[in-house]
Amino acid sequence: MAEKRNIFLVGPMGAGKSTIGRHLAQMLHLEFHDSDQEIENRTGADIAWVFDVEGEEGFRRRETQVVADLTEKQGIVLATGGGSIQSKDIRNNLSARGIVVYLETTIDKQVARTQRDKRRPLLQVEDPREVLEKLAEIRNPLYEEIADVIVKTDEQSAKVVANQIIDQLGF
């Protein structure tokens with residue numbers, strides 16, 4: 001790879017953005033960042049706490065700033081939060097500053113991958129599937145709108161998906 005380009009991973013909760021992102025960064029010798037982890041690092045608290053204390057609006061404000069800061073770096077792989085796509089500012093930054101890869105997955109796979117994860121505030125409800133379906137209606141068209149590449153993550157290991165991304169990007 002002659003120049004260091006940014007790769008931004010978008011997609012719903014449970015698509016594998018963080019896991020695939022780590023593999024991708026390692027394989028391409030790029031720096032890996034996770035926007036949720038960066039928010040936790042900056043606040044000194046976990047995402048659930050930020051949601052409890054500041055609400056979703058406060059969390060989204062922090063997320064917008066973190067993504068703006070991280071996308072100014074060069075030579076990174078960034079795993080974004082599933083809901084970050086709803087911010088026009090974030091969509092603009094992702095589109096303008098790197099290659100956007102949409103990691104697509106089914107609702108069934110999302111449910112299976114997130115059912116035991118207590119760190120997902122939006123899913124701490126009686127029927128997480130219903131929440132995921134509603135979020136998909138809103139967010140999937142936005143992921144598709146800004147994606148340079150779309151890769152399905154169902155039934156594949158993170159390493160296989162990372163290799164598919166590399167192949168599709170021609171790296």
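Using N, Cα and C of the backbone, Cβ positions are placed for all residues, glycine too.
As recorded in Swiss-Prot:
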{"type": "BINDING", "residues": "GLY14, ALA15, GLY16, LYS17, SER18, THR19, ARG120, GLN156", "note": "ATP binding site"}
{"type": "BINDING", "residues": "SER18", "note": "Mg(2+) binding site"}
{"type": "BINDING", "residues": "ASP36, ARG60, GLY82, ARG139", "note": "substrate binding site"}
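Positions of Swiss-Prot features highlighted on the structure.
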{"residue": "GLY14", "record": "ATP binding site", "Cβ neighbours (10 Å)": "23"}
{"residue": "GLY16", "record": "ATP binding site", "Cβ neighbours (10 Å)": "23"}
{"residue": "LYS17", "record": "ATP binding site", "Cβ neighbours (10 Å)": "29"}
{"residue": "SER18", "record": "ATP binding site", "Cβ neighbours (10 Å)": "18"}
{"residue": "THR19", "record": "ATP binding site", "Cβ neighbours (10 Å)": "18"}
{"residue": "ASP36", "record": "substrate binding site", "Cβ neighbours (10 Å)": "22"}
{"residue": "ARG60", "record": "substrate binding site", "Cβ neighbours (10 Å)": "17"}
{"residue": "GLY82", "record": "substrate binding site", "Cβ neighbours (10 Å)": "23"}
{"residue": "ARG139", "record": "substrate binding site", "Cβ neighbours (10 Å)": "20"}
{"residue": "GLN156", "record": "ATP binding site", "Cβ neighbours (10 Å)": "15"}
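Comparing ASP36 (substrate binding site) with SER18 (ATP binding site), their Cα atoms are 10 Å apart once rounded. Cβ-based neighbour count (10 Å, all protein chains) for ALA15 (ATP binding site) stands at 27. Distance noted between the C-alpha atoms of GLY14 (ATP binding site) and GLY82 (substrate binding site) is 9 Å. Annotation note: GLN156 (ATP binding site) sits in a coil segment as assigned by DSSP.
THR19 (ATP binding site) carries a helical DSSP state (H, G or I). Comparing CA positions across the binding-site residues ARG60, GLY82, ARG139, the one lying closest to THR19 (ATP binding site) turns out to be GLY82. Close to the recorded substrate site, the chain also has MET13, GLU63, THR80, GLY81, GLY83, SER84, ILE85, GLN86: residues not among ASP36, ARG60, GLY82, ARG139 whose Cβ is within 8 Å of the site's Cβ mean position. When the record's substrate-binding residues ASP36, ARG60, GLY82, ARG139 are compared pairwise by CA position, the greatest distance found is 18 Å. Cα of GLY16 (ATP binding site) to Cα of ARG139 (substrate binding site): a distance of 16 Å. Ranking the binding-site residues ARG60, GLY82, ARG139 by Cα distance from GLN156 (ATP binding site) puts GLY82 first. Reported as a whole number, the C-alpha separation between LYS17 (ATP binding site) and GLY82 (substrate binding site) equals 9 Å.
Taking the Cα atom of each, SER18 (ATP binding site) and GLY82 (substrate binding site) are about 11 angstrom apart. Ranking the binding-site residues ARG60, GLY82, ARG139 by the distance of their Cα atoms from the Cα of ALA15 (ATP binding site) places GLY82 first.
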